[in-house]
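Trainee: Below: one structure in structure tokens.
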Amino acid sequence: MSAGNALTRSAPWRGTAWVMGKLGFSGRSLVIAIPMLWLGVFFLAPFFVLGRISLAEALIARPPYTPLFDRAPDGSLQIIASLENYRFLMTDALYRNAYLSSIRVALVSTIFALLIGYPIAYYIARAPEPKRSVLLLMVILPFWTSFLLRVYAWMGFLRSNGVINNTLMSLGLIDSPIQMMQTDFAVYIGIVYTYLPFMILPLYANLTKLDGALLEAASDLGASPMVTFFTVTLPLSLPGIVAGSMLVFIPAIGEYVIPALLGGPDTLMIGRVLWDEFFSSRDWPVASAVAIVMLVLVVAPIMWLQSVQNRREEG
Amino acid sequence: MRGWFLPLAVAFGFIFLYAPIISLVVFSFNESRLVTVWGGFSTRWYGELLRDRQILGAAWVSLQVAFASATLATIIGTLGAFVLTRFSSFTGRLLLTGMITAPLVMPEVITGLSLLLLFVSMEMTLGWPAGRGLPTIIIAHTTFCAAFVAVIAQSRLRSMDESLEEAARDLGAGPVRVFFDITLPVIAPALVAGWLLAFTLSLDDLVIASFVSGPGASTLPMVIFSKVRLGVSPDINALATIIIGFVLVAVVIAGWLMRRGMRQGE
């Protein structure tokens, strides 16, 4: 007997279905309700709480913020909400700089990921079959190990007495170690390393679809390989470039772990500012305001861009 | 792009990908405490790792969380994907579409902070969850992993032959029976892939877990992070090597199974 048959014939199932039917619930609405309720409570509702606490003031208490409703001295209920935290974010240069530098770091890392990822994707797309699968697997393989440990691997590599400096010094190329850890450079490396397959895979998917006849036509008409690449291959792979860049840029902008482990104290990124505001300063309302501004300035445009892109692909 | 440039660029790319990992593995067998100075071959860091109760306990917490949230995320993500691909119009369709795709682009710090604030407010008004720990981490991971499962399940549901479901309905099967006897077996491989992805995402997460966990429950990434923050330490190299070993073995087994499956298919 099949699983579905056994289930729909079982007594508990029939009983529940009968009771639900009597109460006016259809099976269909129940199926819709489960994901809807879960995501409504644990994904959507938290943003309302976030918005409401961003309007509160920090308190040394549990919980460490002022309540939204409070009893006035005369006993009437009053709403306490202030935009003080947002004014603070706008006047303090730290936050503005953090937002700007997050965008800069994400952008630079995305460009580097593209420069390193494109040749690899191109090479894999042109490779004959058994080699192609092996290379593709080799690109993905490091990313099944832990993300945190991959960032940690670079700590051992970039330190003053790390592998790179030790090698260069023993070769006599440098006399004293180069400071690489705790710089923006280390953060770029960390981000490129972590998100490189997100760049390579969409590019690869795009480049395998490239019609070889177009390249032949270009070379038959006398174009050099260089010219063919820049006039045919590159423009045609633009959708892959856009998709890959988005996949690197989006997670990079809110990154916390990479700047925390590889960056220096002056590597400002908004994810790190939010983390410190919450865990070190214990200022929950300001942390919430930072998150709300991040949602409006960074996440909303990205979601809008993606929906535009999706519609274009479908149309 | 022909000639010497392309192979050179690709070789550089693969060195970039593998050099840090190889050095991580090599130095896990280093006798010296200085992670980057070779002091002779030794397996002492593996011994220390196996005696480290904090790391072993955290690994157990992480496995429990990953198992529970991958399973819950697969159920919720599949239901969400099913509803969006098979029910053409219902109230809140747009809302559900948004809620199921938004976690994919949401920065982890925001997801973590907002969920923690929700848990704190719920504790104050409803009395649940009393304190934070395993259940709150599982809820948080389920929520963001469900989005990834939904993407995989949705693409499989869209590409599958719907006439199979129609045929079952024409033959008199009710919707529940159609789902369990036709749809579920067809999309099962995609759901296995989704479950595995959710499991790895949950095992890997540091930021969200740090926000929503309580004093009693530290996941493996949380313990690793607190150690690594203070500098490199050889027992973390040993741990990384063990994880890399697991992944390699899993990949080899999966590759062998797939090859066997393909041969049987022929």
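Cβ from N, Cα, C; glycine included.
Below are the features I grabbed from TrEMBL:
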DOMAIN    B:59-254  domain 'ABC transmembrane type-1'
TRANSMEM  B:5-29  transmembrane segment
TRANSMEM  B:55-82  transmembrane segment
TRANSMEM  B:94-122  transmembrane segment
TRANSMEM  B:134-157  transmembrane segment
TRANSMEM  B:178-200  transmembrane segment
TRANSMEM  B:206-226  transmembrane segment
TRANSMEM  B:238-258  transmembrane segment
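What does the local environment look like for each feature on the list?
Mentor: Here the transmembrane segment (B:5-29) has Cβ contacts under 8 Å with residues 35-36, 38, 41-43, 45-46, 234, 237-238, 240-241, 244 of the same chain, all six or more residues outside its ends.
If you look at the transmembrane segment (B:134-157), the same-chain residues 6 or more away from its ends with a CB under 8 A from one of its CBs are 61, 64-66, 68-70, 72-74, 76-78, 80-82, 84-86, 100-104, 106, 111-112, 115, 119, 183, 186-187, 189-191, 193-195, 197-198, 201-202, 205, 208-209, 211-214, 217, 219.
Within the chain, the transmembrane segment (B:178-200) has long-range Cβ neighbours (under 8 A, six or more residues past its boundaries) at 66-67, 69-71, 73-74, 77-78, 82, 141, 145-146, 148-149, 152-153, 155-157, 160, 164-165, 168-169.
The list of residues near the transmembrane segment (B:206-226) in space but at least 6 beyond its ends in sequence, with Cβ under 8 angstroms from a Cβ of it, reads 54-55, 57-59, 61-62, 65, 108-109, 111-113, 115-116, 119, 131-134, 136-137, 139-141, 144, 236, 239.
Panel annotation: around the transmembrane segment (B:238-258), residues 21, 24-25, 28, 45-46, 48-49, 55, 224 of the same chain, lying at least six beyond its termini, place a Cβ under 8 Å from a Cβ of the stretch.
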